[in-house]
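A short write-up of the structure that comes next.
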Ligand code: 5GP
């Protein structure tokens, strides 16, 4: 998606050879105009697929997920990383190793929001090694829901997330695919 790629080029910074900082428009401050375009783009790809729920993970998946949900007119569920006192009923849970925080946390969704018969788009801000997506897939599996696709805003194609997910039979759909962050420079996969 051209607008996203342009924004990464102008506002993104390379922290290490494998980490991109995009906190001015996606992971801390959010650019609603860009999120709205992202929502419209993904919604146009999935509008006739019978999707019933968007599933993401807090916190940076929420902004793009809400805009996709708005366009498709369906609810957005975000898996929580810490159980709230109000989440005392039945939960779907999975372990996720965080690429950026380097800790494992338990993520959960209340069983009442995701059920058998749901057709899901899994959404996240980044795809690196696929661990967050796998955790969300596990929650959907426990609910008996069907996953239509994994929608990613920024995919780092030099890491193994896509191949891991595709080997398991999931469709991965990304709006920007980064080939390399070497020498503090972002290069994109030619498509
Ligand atoms: P994975 O689980 O695929 O290894 O990593 C994806 C998760 O780690 C995303 O939810 C995202 O929050 C975080 N992440 C991975 N790579 C990056 C990165 O280069 N920059 C930022 N800001 N977050 C990342």
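A Cβ is built for glycine as well, from the same backbone N, Cα and C atoms used for every other residue.
Bear in mind that TrEMBL entries carry predicted annotations, made automatically and left uncurated.
As recorded in TrEMBL:
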{"type": "BINDING", "residues": "20, 27, 156", "note": "xanthine binding site"}
{"type": "DOMAIN", "residues": "43-159", "note": "domain 'Phosphoribosyltransferase'"}
{"type": "BINDING", "residues": "128, 129, 130, 131, 132", "note": "5-phospho-alpha-D-ribose 1-diphosphate binding site"}
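Features recorded in TrEMBL, as mapped to the structure shown.
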{"residue": "20", "record": "xanthine binding site", "DSSP class": "strand"}
{"residue": "27", "record": "xanthine binding site", "DSSP class": "coil"}
{"residue": "128", "record": "5-phospho-alpha-D-ribose 1-diphosphate binding site", "DSSP class": "coil"}
{"residue": "156", "record": "xanthine binding site", "DSSP class": "strand"}
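The residues near the 5-phospho-alpha-D-ribose 1-diphosphate site, meaning same-chain residues not in 128, 129, 130, 131, 132 whose C-beta sits within 8 angstroms of the mean position of the site's C-beta atoms, are 97, 99, 127, 133, 134, 159, 161, 164, in sequence order.
All chains included, 16 other C-beta atoms sit within 10 angstroms of the C-beta of residue 129 (5-phospho-alpha-D-ribose 1-diphosphate binding site). Listed in chain order, the extra residues whose Cβ falls within 8 Å of the Cβ center of the xanthine site residues 20, 27, 156 are 12, 19, 21, 22, 125, 126, 128, 154, 178. The maximal spread of the xanthine binding site, taken as the longest Cα to Cα distance among 20, 27, 156, is 16 Å. Cα separation, residue 156 (xanthine binding site) to residue 129 (5-phospho-alpha-D-ribose 1-diphosphate binding site), rounded: 9 Å. Taking Cβ-Cβ distances under 8 Å and a sequence separation of 6 or more, the neighbours of residue 132 (5-phospho-alpha-D-ribose 1-diphosphate binding site) in its chain are 57, 61, 96, 98, 99, 124.
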